[in-house]
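Engineer: Here you go, one structure.
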């Protein structure tokens, strides 16, 4: 069994384990085992600094014989020894020994008649007398132990045992504490006393056990090591008891008893307990288990001490708690936790009482007052603890003194938060019961919020809700009583009202707005604001100091919602349903609700634009251009027949008047003003057609409105695409498919362009955006047909005339037509040039001719192709066979003509010259072996050209004779002296060899072909 399990925290208490007989580790030599069949509990009244009088008075009576056993009887010679003092015992011992020797000597002499017999008799009886003397003296410690036992057992209170009395007993019999029997009795008495002081496992310590044991230990005169050995023996006994029992409850009780033993022993021996009490070595327990035993018992004692602390805690109580904490060896952290837990329970009692009152089904009339009374108790305790925390002697107080908190308690739960909010609301209501919020109430509310753990926003919401109701009540009283209207300054009156309630003026303004809105809704219940309603609203606005923008916003929201319903009904009536009744309802709503024209138009615009968007969605979903155009025509018709009428009714104008000439003239002026700035595009036929003539305009019943548009609802790209789609429909007309895949145009009328003009207005397109659509479409049409005409890129006179006719037909300005023609021809030419370069048909001479003809080659030929053309040109120079290399031509002119990087061009030339140099020599030797003299000369010229580009060192060859032959052949071709000299250097031919070769002539072809030997 593991002894450390004795320190496991117990779950349930049971009967004491210290009631069994105590096993004395040092048995008395002449006494029986002085055991008690049952250990009885006794109380000792010991004055303590940390104990209150009530604690000291709570001690119960006890009887010493019940703990230490009954009085012991003296046997044998012990009664005689008891009556002899140490000097008298010594004299008696001497007399007995001398008498025995003398008697032995006399008897030996008498019966033996010889001296030897006399001496033998003296020796025998002397030995017997010595044994008697030894027995007499040896029984003195036992007698002293018996008298010590009887003294302690006969004492009514072990605290009355005095060290002097025990010293007198020891002195009486001439014994000391080192005497085995006497020391054994002291240990036995101490063990019995400690076992009796420690409460049973199911009971808690009272706090005076350590002082009682220390006092008794000092009275017995025991040293700490001897006393510590007895504590360890008690622990062994508890462990043996655990081995003997198998009951779970008994095991739990033994654990608690062992924990209390460790704790009390630690208090008895103080700092020395760490080496006097080897719990870890003897019982195999850990330091943490020992610390837990000390902590748990100290917490129980401190918690028991806290029970005497109520809501009237004072300085003396806190100082006493601090002393008790130190005495119990409890850490500041645990003491603080226990103190806060104790104060929290006090608060929870008040909260529970307040909630029971508040939630009672039979609430009393003064229920709120009772709730507030309980909450005031909490606040009073909180203020008291805060003041004690700030006390000058706060360092001498128990830790944990400070503001109250419910954290970690019964009400630290989201489910309980609603109950705390109810209490907080009740306190707020009581604080505002007299119509004012006092400063002390504000402070109390802040404290209560902190105690309850409410968030700032939660508390503010509750306070705002209650205060708003009180503010409304007082405001209603001021209005009905006439105080507000009679006030010289309405703003000052309302500000004072807010100050009394500590109410945010901004929140008050929101309440004023709400009141105004409610009044406005009442006034427009019949759908019209008459003069009386306007006067009442003005009076309310003045009294409540409502700003103009707030009033306008309220009218816009409330009146606007009614007007919006009327507008939606008018729109829903459709093209055929917009009759006189609908017109009258719109006019009545627009003017009867006293909306500004801007507000009414804004409301109507939202509703109309939603309908426009639906048309646009259906147009997008159409399968082809024709169906899309039909949906757009429906939208244009809706705009003309419904929206235009709606706008006229909102403005209060006559629909007949709006469709007459003045309006047309105004529109004409606007259109003229828009298109005057873009006269250059007047030649585009489609653009001319959207500006209707008088004949075409006469066909239209009325123009459409242009104030409500989709400019802010659709992106520009989508609006221009819709316009372009309808423009294409205007150009092509209605097309129907007939059998065999043919198409016929069934309807094509220029009046569609007027509808296109209205579509542009609905889509919110500016004049520039409209012109851009027409221009792009005209350019696209011209470009498509021009590409067909210029398919081969050749621009002839006939084609020019054909293109001019096309340009006039489309109406595209001449300069834009020329750009398109140039773009097409340039593209075709660029493709032809790139093909010629890739096939090697274009050289630098032709490039220069094209540049002289103002052809932009940079845009037609990519840089890569130009670099390839340069490389091919240089390669042609190195393989021309002339032996010439013009640095200015190659390094400057050609790169300039091709518009390539000069430095990069130089690198290309050098790289190409190095590779061609060696290849030219190999080619010359090959041609020499083929007896091609002209080819040899050409190759050697190429070699000299490469050398001019990149000067080379003398070349090496495996057969020197072939180099001599190359030199001879070149010499016979009558070259320039500088070329012959340079070739001599490159071939590594000395001057003497060169002279010899000139004298010998052409050795290569002197002999017959059959005798020639070629070295390969």
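Every residue, even glycine, has its Cβ placed from backbone N, Cα and C.
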Engineer: With TrEMBL as the source, which of 50-69, 70-89, 90-109 is set down as transmembrane segment?
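Structural biologist: Checked against TrEMBL: transmembrane segment maps to 90-109.
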Engineer: Taking 610-630, 631-651, 652-672 as the choices, which stretch does TrEMBL tie to region 'Disordered'?
Structural biologist: 652-672
Engineer: Which one of these stretches, 11-31, 116-136, shows up in TrEMBL as transmembrane segment?
Structural biologist: 116-136
Engineer: Of 45-64, 145-164, which range does TrEMBL call region 'Disordered'?
Structural biologist: 45-64
